Every structure is written in structure tokens, then in C-alpha cells.
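Notes to accompany the following structure.
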């Protein structure tokens, strides 16, 4: 038990530890520098916080039309904040502050500024929760608090919170899962376990996977290491663990299942590199590790052999050793990352058990023998000497990182020996003070050297956030002027800022053509990769942007505007775009051929047949009609285009080309495709090809085709798409030059087509249906129009995915996948009222399961309470099995 006075002391002490653990970043915050990564932090974390806040506070809880082409909040975006309980509570508090006008409407700058304070609150909560769990396990409060600070204040926490903040919220669930298991084992009460499983499953499916692996390991160790004389038999434990786990999963499934669907509906290549059992070199886990910097107290306690007679110490130490060994294994990194590329993201598990081991060890130190203390001190010093002199020492040269760690370790060693030798309580408190304060100093120094100076966080400051690269006043003013002039439905603006950040549309508040996220709608990605072979100028599995300067695609997908900086004179302006607005430094161009939001047609093409055609012909099919997947009716015949290479000559330049193998002897070499006057007959040319670097270890490469440039990733990159078919659009010319750096390449499937844009002009001039109403609100698309040409189908520039339902004139219809990746349906003649509604995949069924699981939990808990009272009254005891 813990008294109210002790609880208050614990909360205040936790806040103090949390505050001073962030002291470096709080100091930087005062000088307008923020605790957020310059890459994913500013590209994803802050923009997504603004996105979710804006969507939820405007009443949109299921779908976002603002993110990229459109995305499900609990599917594509479920990996981030949509089910994150800490963020949801934050939104509630911030919304109240906004309503009471204490703060202005929050934007990305607000969320960047708030990151360090939210982290202080988070660490406070983690320390309090973990201390209480350790206290339940019969560890005294002060050692429990010391162990909890080891768990909450460490390198993996600050790495997570700085670069991918939502990762850090998983620290809450490990102590609660352990508490749930202990409640079953000690008291046969599964409610805590059900609650812990439901919370971790609901909050983030990725870390739920990691956390459940850990708790399975903990349970197995726990079966071999009994802590209490009276514990539930394993058979009884299994029953409650399995049933409780199922009920917990049922409660959390409403958040878990849509997120897993989003993950499975993503498109990423499998990781093909070999994964060894162990790394070739040992990481320096005492001085320079980014994810597992072991505390000095751990290095001393591992040599206290008498402590292993204490079963709780043995439990925590055993699991710690296993997790530390796994840290050195890429295979384990792959296992914890879903059998994908190895990632060191699970080390927070080790800090929990190390924290528990520390708490127990501090409690036992008062009874340690002096010879053990001496041996532990000698071996601890030897370990530090070895790692200092013989193991990789990143950040140790030209910094004081190693010195600070060694000074802390030395002072801790003296306090350790002093308390262990004298057994005086005052020295015990001094040891705990040295442990906690020293850890805070080491972590602040780590933040400065590793995260701030060498990890890029010094670039995340107010000046940058308000610069032309991010959230610039001139850019936003020009965009607002454009929005005031254009009241049409979803006019998309192609603009990513001068630093080319794909989520600039979220930051600056407009419908864009780009997105950056770990998870995307597979249909959109395949549209880019395979259906249209769109090059986004910098290959990445996490991004899509623009349409490869292809006017047909801009027009089809509401790409109505294009914004450029005047200083970038080499920017490409696609066909049909004309200047419409400008400021001192920026120009906006308008697409004069953009198609309406509602496109109807009776000219239907079968998707499978269209896929067999060349890329320009596929675009023509979408312009002249609608491409429908799995269509069961007679469809149009698509005439293929002429491959201009059949009447062109190919000349190597500083290269040789034979049987699909291109060998370039000098940077900037390649091939020239010479068309003479034939190329100038066309407005644009489309060059399609398959390209792969034959050197599996070569770095990323630049490819240039006339005025178009693109970057292709190395085979070794985790973010390569493994999609090697590209179609590049260039202006009509008599020669198309393909250029690449020195090397050996496979270059096959060469095709070259011309585009006159006659079909685009005809489609743009076609009179659209008389539209009475088009409304995009929340998770609904409401349309009212007169289908006066009696077309059979419609298509919308909104991505197709599981979860959409549609009614036409009150009648439920099938949602069709049209134009390879977009929503469509059959429509009626004349007047049409069409309503598309989106709910997360399996939302209704998982909501029903969650409610039934909660009900079953309540019923089961009451039954167990009655049985436990009856068992206690009869004095029955249980056997171990």
C-alpha cells in the first residue's frame, strides 16, 4: 500500500526528475529551439498532430481529405496518433485552452514548441506508474522510484521522443502489462491484464506486437522463477491469461484491426538482404550506444552474485541479460520489427527490467558482504576500461561524453562502496541521489552531443519553422489569396516548399498532391509505381508527390495549380499551365485543362486490358472514359500508341549498350535517342524503360532525361521501392538524352511515345454534368447532379479503399475501383443524389466485439470475485500445477 502523502511525494519527485532530465532541451526551448527531429519530426510528427487536431475539432473522426489524395484516419494514419491515448488526452486539454482563448488555434509551431513539455509530463507519468508497479512487487518506494527513473530516463526514450515522439508512449504499457500478469499469478485477478492488453493493442499495433512478445517472455521466466509461496497454478494462470488476452484484444480491436488493415494494405518490398545472427562489431553500450546505454549501477550489480538468490532480482536480471544479448542480434531486431529490416527499437524493454533489477539491488545492498563489494567494484572498473579502450567510441572524441559518463560511474562507485561498507541509511540515500542525479546529467549531456549537435535537432528552431523552407508568411499569404479566389471542389496545389517536404500541404493548409507517411494506401502507391509509372524525383517507399510533370494526370486528379519559387528558373511547367498569381518571390500557375471533380462517362475500359497498353494510352483511356476493375460488361477497345523508337536511332555516349546492358565509362554518359524532326511534332515525349544498377552496393544515383532529373536509391537502402519501371515525360525534341553516372546497368523495355494533348483538350472542353451540390464533410461525399448525357458510371479523384459505402438515389450500390485507384460507382439517368460514406475497415464488427468484450469482462470479474470469496472462506489452497 502507499499513502496519499507518499503518492504526492512520488508525483512531485517524478516531476522533478522529469523536469531536470529535459533541462538541456528546456534551456534550448527558451531560446526558440525545439525538441523535435528535423526530418520525421518536422515532416510527420508536428504536421500529423496539427492534422488530427484540426480533423477532430471540426467533427471529422474517420477520414481526412487533407492528407495527400485522402486517407483513412484509423487505417493509413493509424500508425501515428489516431488511437494514441496520450495524444488524445493532449488534444482534449489543448482544445479547452483554445475554447477559453488561453491559447490561439494550434499549428505546427505550437506542437513543436509543446513537444518538450509534453515529454516532461509523459516521463512524470511513466515514473509514477512504474514506481507503483514496482511497489506492488514489494520493492520499497524510494528504490522503486530510483528504478523507475532508469526506465523512464534513458537514451532510447529520448531517441524515440526526439525523432518519432509517439514511439515513447509505449513506455506506459510495459509496467501495466507486468502488473496485469502479476495480478493473475498472485491474486487470480485478470482485470488489470485485460485492461493492459486492450490499452496496448488499441494504442499502437506496432508496439503492441513488441510489447506482447515481451510479456510472453516475462510469463515464461515467471513460471520458472516463483516470487510468492501462494501463487495460482500454471493451469489456472493459462486459463486467465488466454481468456484475458482474448478479451483485452477484443476491447482494443476497434483501434487495432483498422490499423493492421492499413499496414497490410500498404505496399513495401520485402527486405532481401541477409540478416546475420549477430553483428560483426560490438556496439559500445557503456559510452556511445544510441539505443542501449547501460547505467553504471547495472555494471556493478551484475557482479553481486549473492543477490541472485533473491528471486525478484534473478527475474529482472535474467530477462535483462536476454534482452541485452538480443540487442546485438540483427535477427532479433528483425523479429521485433515484424520480420522486416532489423531495427533497434525494442531496447526500452531492457531498461524496464534493468530498472527493476536496480530497484531490487538497491534494496539488497544493505546486506551485501564486503568482499562482494570489492569484487564487483574491480570487475566493474575492468568492464569500463575494456569498453573505453577497445570498443567503438562514437561521440567520444572531441566531446566530453565519455568523461561525464566516467565521472558519474566513479562517484557512483564510491557511493556504492560507502553504503555497502557502512550500511548507514544516510549513505544509502546518498547512493540513490548520485544514481538519479548522475543519470540526469549523463542524459542531458547525451541530448546535447548526440541528438542536438550530431542528430540534427539544432536545426529545428523557430527561425527554420518560419522560413521559406517550412511555414513562410509570404507563401501562406499567396496560397490564401488563391483559396479566396477559387471556391471549386478540392483544387489541388502542387507545392512542397523550398525544402521539398511532402507534408507541406498539411503545414500550410491546402489540398496538395504529396504525402509522407510510413503507411499509404496500396492502390495509390501501385498507381504511381506500376499503373502510371510516375517518377516522384526522389525514390522512397514513404512518399508520393506530384505527377511527374504529366499534364494528363494533373487534369484527371484535380491538379489545378502549381507553385514555384521565382529563383528556381529550371522548374518545369507542364502543358496547359498558365501564370495566375504571384508575389515577390513565388508564382502560381493554373491548369487550364483541369477536369471536374465528378467525371461521368459511358465509355468504359476494362482495367486488365488497359494494363497491357503503353503508359500514354492508359492516360488516354482515363481521359476519354473511365477504367473500371473487374467490369462485367462489354467495354471499349483501346488502340495502342506508336513506339517512336521503331523509327529512331540509338547512339551511346561515353558508353556501350548491348543486349539490355548499359556500361557507362564516364559520369554523364548514357544513350541518345535521335528522332530528327519526328520528336518536334509532339508537345511532349514519354520515355519508358526498366533500369537497375548492376552494382548491389553502389550508392544512390541520379538519372537525367533531357530536362527531367530523378534520384534512384541504392539496393542497400531500406526505403527503395524495388520498382524499376519508369516513364519520364520531357518536352518534344529531336533528341532524347538519357544520362547517368559511370557504372554498369540493366536498361531494358525501352519505349518512346509522343503526346499531342488532343484527347486532354477534348476532355476538358466536354460539358460536365450539371452539378447542384458537392460536399466533402467528415467521412461523407455528398453529390447532387443531373446526368443529362445518361452516362453509366462516375469516378472521383478520391482513393479507393475498403471502408467506403455508396448509395445512389437511396439505393445501395457497389463501390467500384476506377481509373486504377479511385472511387467510382454506377449512376442513374437524369437526376442523381449520390452519397459515399467511409468508416474504418471492420469498424462496426470490431466495435461490437469491443462492447461484448467489455460486458464479458464485467461478468467474468464478478464471477471471479464470488469464487475468490468462497475459496477464501473455505480455506482452500491451490497446488502449483
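First residue shown is number 1, and so on along the chain.
Using N, Cα and C of the backbone, Cβ positions are placed for all residues, glycine too.
Any TrEMBL annotation is an automated prediction that lacks curation.
The annotation transmembrane segment is assigned in TrEMBL to 7-25 (among others).
If you look up TrEMBL, you'll see 79-97 (among others) marked as transmembrane segment. Within its own chain, the transmembrane segment (79-97) is flanked in space by residues 44, 48-49, 52-53, 56-57, 73, 103, 106, 118, 122, 166, 169, 172, 199, 202-206, 255, 259, 262-263, 517-519, which lie at least six positions past its ends and keep a Cβ under 8 Å from the stretch.
For 140-159 (among others), the entry in TrEMBL reads transmembrane segment. Sequence-distant contacts of the transmembrane segment (140-159), counting only residues of its own chain at least 6 positions beyond either end whose CB sits under 8 Å from a CB of the stretch, comprise 2, 6, 10, 13-14, 17-18, 21, 123, 126-128, 130-132, 134, 168, 171, 175, 289-293, 295, 297, 345, 347-348, 351-352, 354-360, 362-363, 429, 432, 435-436, 439-440, 443, 446-447, 450-451.
Among the features that TrEMBL reports, transmembrane segment is placed at 191-221 (among others). Outside the transmembrane segment (191-221), and at least 6 residues removed from its termini, the chain residues within Cβ reach (under 8 Å) are 78-79, 83-85, 166-167, 169-170, 172-174, 176-181, 183-184, 237, 240-241, 244-245, 247-256, 259-260, 263, 315, 318-319, 322, 335-336, 338, 345-346, 349, 853, 857, 861.
If you look up TrEMBL, you'll see 241-264 (among others) marked as transmembrane segment.
The transmembrane segment annotation in TrEMBL covers 284-305 (among others).
If you look up TrEMBL, you'll see 312-336 (among others) marked as transmembrane segment.
Remote same-chain partners of the transmembrane segment (348-366), defined as residues 6 or more beyond its termini with a Cβ less than 8 Å from a stretch Cβ, comprise 130, 134, 137, 139-140, 143-144, 146-151, 154, 156-157, 160, 170-171, 174-175, 178, 210, 214, 292, 294-295, 297-298, 301, 304, 307, 310, 312-313, 315-317, 319-320, 323-324, 327, 416, 419-420, 423, 428, 431-432, 435. Residues or ranges marked as transmembrane segment in TrEMBL: 348-366 (among others).
Annotated transmembrane segment per TrEMBL: 373-390 (among others), in sequence order.
Residues 286-287, 296-297, 299-300, 365-366, 373, 376-377, 380-381, 384, 388, 393, 396, 427-428, 430-431, 434-435, 438-439, 441-442, 445 of the same chain lie 6+ residues outside the transmembrane segment (402-419) yet bring a C-beta within less than 8 angstroms of a C-beta in it. The feature transmembrane segment is assigned by TrEMBL to 402-419 (among others).
Look at TrEMBL and you will find 426-443 (among others) tagged as transmembrane segment. Within the same chain, residues 17, 20-21, 23, 142-143, 146, 149-150, 153-155, 158, 293, 295-297, 358, 362, 365-366, 404-405, 408, 411-412, 415-416, 418-419 sit at least 6 positions outside the transmembrane segment (426-443) and bring their C-beta atoms closer than 8 Å to a C-beta of that stretch.
Per TrEMBL, the feature transmembrane segment maps to 842-860 (among others).
Relative to the transmembrane segment (284-305), the listed stretch 373-390 leads the set 7-25, 241-264, 373-390, 842-860 in CB pairs under 8 A.
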